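Feature annotations, reproduced from TrEMBL:
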- 74-92: transmembrane segment (TRANSMEM)
- Gly80, Ala82, Val83, Asn87, Ser311, Asn343, Leu408, Asp411, Ser412: Na(+) binding site (BINDING)
- 104-125: transmembrane segment (TRANSMEM)
- 146-173: transmembrane segment (TRANSMEM)
- Cys185-Cys194: disulfide bond (DISULFID)
- 225-245: transmembrane segment (TRANSMEM)
- 257-281: transmembrane segment (TRANSMEM)
- 301-325: transmembrane segment (TRANSMEM)
- 337-362: transmembrane segment (TRANSMEM)
- 396-428: transmembrane segment (TRANSMEM)
- 440-458: transmembrane segment (TRANSMEM)
- 478-495: transmembrane segment (TRANSMEM)
- 516-534: transmembrane segment (TRANSMEM)
- 554-573: transmembrane segment (TRANSMEM)
Amino acid sequence: MEKSSLDADCCALNTVLVEEKRGHLIPNGNAHQGVNGTLNGGPISAAAGAVSAAGAEKRQGFPERETWTRQMDFMMSCVGFAVGLGNVWRFPYLCYKNGGGVFLIPYVLFIFLGGIPIFFLEIALGQFMKAGSINVWNIAPLFKGLGYASMVIVFFCNTYYIMVLAWGFYYLIKSFNSTLPWSTCDNPWNTENCIEIFLLSFMNVILHLRNKVLNISDGLDEPGVINWELMLCLMAVWVMVYFCVWKGVKSTGKIVYFTATFPYVVLIILLVRGVTLPGAYDGILYYVKPDWSKLGEAQVWIDAGTQIFFSYAIGLGALTALGSYNRFNNDCYKDAFVLALINSGTSFFSGFVVFSILGFMASEQGVDISKVAESGPGLAFIAYPKAVSLMPVAPVWAALFFVMLLLLGLDSQFVGVEGFVTGILDLFPGKYYMRYQREIAVAICCLLCFIIDLSMVTQGGMYVFQLFDYYSASGMTLLWQAFWECVVVAWVYGADRFMDDIARMIGYRPFPWMKWCWSFITPCVCMGIFLFHLLNYKPLTYNNVYVYPWWGEVIGWCLALSSMLCIPVSLVYKLSGAKGTFREVCTISSYSNHCSISQHIRGVESIERVALFMLIVINLAHFIVQ
């Protein structure tokens, strides 16, 4: 019988080069893996599993994989990536919208049901396999589409996320004027009815964003001309990202010490300033006051779950890339809990900063806080700019805020680019290695994203941006990705086997709760929220007024499906490309390497078990949603 095309992938996983002493594997954490995320060397017993061990030979012409200079470099990079704009402008809004302090109950619950388990899974998988987001899935070659899916998602995220930084950079430049341009009525973009009282002055800030910064057209079918000021800001931000990433983690690990910590300094300064303003107490009380009636609403629980997946940056593959640069015996289990505490703690802390300012704003103008509290760009580029314009020495506070916004986004952006480039470079065998390979790859990535971004600095650019934001890296795509990650690790590779692998790295087995989450709880949570989004899908609109044309929605769904379909399409392609019947493909062995696909893919039984598990999860999630 002819060998299946899957043999190579399986055997690469099943065999490792080990250094054995008295029958024990002795890892030292240095390059225990081959070039493409595969484990190299002679065969080991099935009981040992797919372990990562020391002494892997460096292939000729291929450099040893980088590791962090200090473990703190990894921690700061994860903080910089996972702690971003969503912590500052999305969590506070969701908290007050969904019952204040009551929202923390489902939020904390989902941290332990989904956030930490998947966060830990991605970091541990990268550390164990010493590979980026694609080649880590050599643990289950039939499901390597998971890696391609994460690459598509992070590419789209890198493409549109940077636009927020371009807007922030634009506002930062304008903040150095002695008079903030959005605080007066004597500007070309103002209407004839502009009056400097609260509601109309508030509209002035909106007009500044709409008519000056975005210069927005009437629809997606009217792209208009390029805003050259915004394009130059976009170019400047991409240049900063390039020079943060081009030299790899050795330099990135140093930069994040500033980009990840300075926003906290600014947040503390803004909090001190905020709580001394009149009305700050009312704003903070509005933020945390419990509304127990909200606890029974399904939307509160859905918002809590989606916020966890959004703010923890799960499913993008960047956490896997960061983990791949760890030492083999790094205690990633402890790191996951520390990073989760920092992430969620930052979200909660930033709410006090934001609502102390909004409370002052409402107090000054004699209106309810609900009229000034907004989410997303509305908070960053409308409500807050208006608030600082009411303060003494307004340009100073505006500059501080937008510096914080820029740095929060920058470290998330360049770690996202690092994750994408790492995954691409891992695909190239050692014989194709060239001296400036990384620099060229980063340059191509940045240039390609910049070209796509040009469509977002036109007059119709906001409509394009919202398409990417709503579909390409939305809740549905991330939930789909997280669901399959748990299924593949727990039901294809084996939760117990992966727990053993982690024990070989960190020296002890994690609490069984992790295994239970990967196997049952987290997939059910992911599928439940996924089905809720799907069953309650509403066509995309802009500002609750403009309805996207049908072809715009088609483009959006193409963006979403381009990542989601990677998993089933890759599975079908690998099965159809193999020779023999379906059962033969799943059970054929490579005798020369003592490898059996059934050993790691678990043959037909594994696929049948995954299919049965999916049906159970979907039915259970659908029942819960109903």
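For all residues, glycine too, the Cβ spot is worked out from N, Cα and C.
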Any contact between the transmembrane segment (74-92) and the transmembrane segment (478-495)? By contact I mean 3+ C-beta pairs closer than 8 Å, pairs at least 6 apart along the chain.
no
Please work out which residue of Val83, Leu408 has the most C-beta neighbours within 10 angstroms of its C-beta, and give that one of the binding-site residues.
Leu408
What other residues of the same chain, not counting Gly80, Ala82, Val83, Asn87, Ser311, Asn343, Leu408, Asp411, Ser412, have a CB atom within 8 A of the CB centroid of the Na(+) site?
Val79, Phe81, Gly84, Leu85, Gly86, Ala260, Ala313, Thr346
Is the count of Cβ pairs under 8 Å between the transmembrane segment (104-125) and the transmembrane segment (337-362), pairs 6 or more apart in sequence, 3 or more?
yes
Top partner of the transmembrane segment (301-325) among 225-245, 257-281, 337-362, 396-428, 516-534 - counted as Cβ pairs under 8 Å:
396-428
Just name the winner among Ser311, Ser412 (the binding-site residues) by count of other CB atoms within 10 A of its CB.
Ser412
Around Gly80 (Na(+) binding site), how many other C-beta atoms are within 10 angstroms of its C-beta?
27
Do the transmembrane segment (146-173) and the transmembrane segment (516-534) share at least 3 Cβ pairs under 8 Å, sequence separation 6 or more?
no
Residues sitting near the transmembrane segment (396-428): Cβ under 8 Å, six or more positions beyond its termini, same chain?
35-37, 77, 80-85, 87-88, 131-135, 147, 150-151, 154-155, 157-158, 161-162, 164-165, 168-169, 171-172, 175-176, 180, 237, 240-241, 244-245, 249, 252, 255-256, 258-260, 262-263, 266-267, 269-270, 273, 313, 316-322, 324, 380, 384-385, 388-389, 437-438, 441-442, 445-446
Below 8 angstroms Cβ to Cβ, which residues of this chain, lying six or more residues outside the transmembrane segment (337-362), approach it?
75, 78-79, 82-83, 87-89, 91-92, 95-96, 104, 107-108, 111, 115-116, 119, 264, 267, 270-271, 274-275, 277-284, 286-288, 311-312, 368-369, 371-373, 379, 383-384, 386-388, 390
Are there residues at least six beyond either end of the transmembrane segment (440-458) with Cβ under 8 Å to its Cβ atoms? List them, or say none.
155, 158-160, 162-163, 166, 217, 223-227, 230-231, 234-235, 238, 241-242, 245-246, 417, 420-421, 424-425, 434, 464-465, 468
